[in-house]
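Quick look at what TrEMBL lists:
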DOMAIN    8-135  domain 'Aminopeptidase N-like N-terminal'
DOMAIN    217-432  domain 'Peptidase M1 membrane alanine aminopeptidase'
BINDING   His298, His302, Glu321  Zn(2+) binding site
ACT_SITE  Glu299  active site, proton acceptor
SITE      Tyr373  site 'Transition state stabilizer'
Amino acid sequence: MDTFLFCLQVVERTNAVILNSKNIVVSDAHFNNANADISYDESQDLVIFTFPSALETGNGHLNLKFRGHLSDDMEGFYRSTYKSPTGEKSYILCTQFESIYARRAFPCMDEPDRKATFDISLVAMDNEVVLSNMVSALYYLHISPEVSRAVIPPPPGRPTPAEGHNYVKVQFDKSPIMSTYLVAMVVGNFDHVSTKDANGVDIRVFTPPGKKACGQYALEVSAKTLPFYASLFGHKFPLPKCDLIALPDFAAGAMENWGLITYRQVRFCSLLSETALLIDQENTSLMSKQRVALTVTHELAHMWFGNLVTMEWWTHLWLNEGFATWTEYFATLFVSQEYARALRLDELKMSHPIEVEVNSPHEVEEIFDAVSYQKGASVIRMLNDYLGTEVFKAGLQQYIKSHQYSNTVTTDLWRALAEVSGQPVKDIMSTWTKQTGYPVLSVRPLPSADGQSLSLGISQTRFLADGGKEGNLTCDDRIHGAHISCFPNCRKICSVITN
């Protein structure tokens, strides 16, 4: 049986509190001294607490006792299995809460704009590594054994520990205010390598036992990337530590939990491994190194874009993923063919705009695709080229400063960039984020009467993979391009994306 203390501020008198919850049975709920009746709306993943009289305005505490399910489907709080170096079956307890899976671990307001601070404590065996978003002064930093373990009796239903071992309760520091999908917890046996970055942030890469050398490259990339982003975004990494950990059963390539980034581990440093974090530097290709660098820098970018400043609703997911995808290339200083992935999806009739309406829990997962990631990054890259890197950088810093620890919509970004640049950013960029597809331009030469110059007549239609045509563009079909003239001996053609 788990307990959850929810600190709430009642802003209007009400006799009901509604939280997100899925596959969880709440056995007891009371707000201050008032007991609640408990009901569920399973179709909307809700638990409703109804009180006999209206709750008065002001601060209070909602105390819950509940029982959840430790799943094996890599969603919520789940169990991962692997074989130890001795061939024994071993377990790791870990989490994946994005997009709507925190509600599978504990009742909560599981929406990105419902930010909160989190005080987390976990019970585990004293020989296990226990991690969360924040540090534990007693356990995580491994202070002397006399003070590092808060020994407790075996929890109800748990086996008696082996001789010489005990159960311990690990209390983590309070987190900054953040969205529920960024909460993370991991318990298991790991090795690690560690360092500090130039700003004094503790960085650790956790690996399977005996494989810590395979985490060294990711550690080096992280130690260089965090200070780079701190300078680029004008805001230091706000946590005291940043952990990166490889998990054997993990559905996504990686997940940007604040301070505890989780990665998929396919094989332990194999030449054929597709791992997103671990590589054997002595026996791996440059392509594998680039893949790890891209994934690591992508997730670290989320520490600012996504975690510090978070989209208000899933409609604006591209603010998280598009920027992280753009900065991963910016940080690793090379460009791959990832941009083509967005074009291949966006040339299909069933594609969707970068900004897409999300109206139910079931629609959230559908927008984690190349349009949000790669097309979003391509559009950001285009805007950076148009405004100029220094102006663009200044706009990003203003955006982060204005909205740190808060939530945003796409127009908040356009406003910050427009204020710095003086350009009509919203008018230009809305045509790229609100329309499906991308244009194909048809160009025809228009010689001048004297034959000394050549103008170009340009028209556009949406490009479709099947060669078809789409009669009506849904938003704004203006061509944002300059009039281009070609003269004899002209070596350079300049173009911009404004009218």
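Note: Cβ is positioned from N, Cα and C throughout, glycine not excepted.
Distribution of TrEMBL features across the structure.
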residue: His298; record: Zn(2+) binding site; Cβ within 10 Å: 26
residue: Glu299; record: active site, proton acceptor; Cβ within 10 Å: 26
residue: His302; record: Zn(2+) binding site; Cβ within 10 Å: 23
residue: Glu321; record: Zn(2+) binding site; Cβ within 10 Å: 28
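In terms of DSSP helix, strand and coil, the domain 'Aminopeptidase N-like N-terminal' (8-135) has 6 helix, 72 strand, 50 coil. On the 0 to 100 pLDDT scale, the model's mean across the domain 'Aminopeptidase N-like N-terminal' (8-135) is 93.
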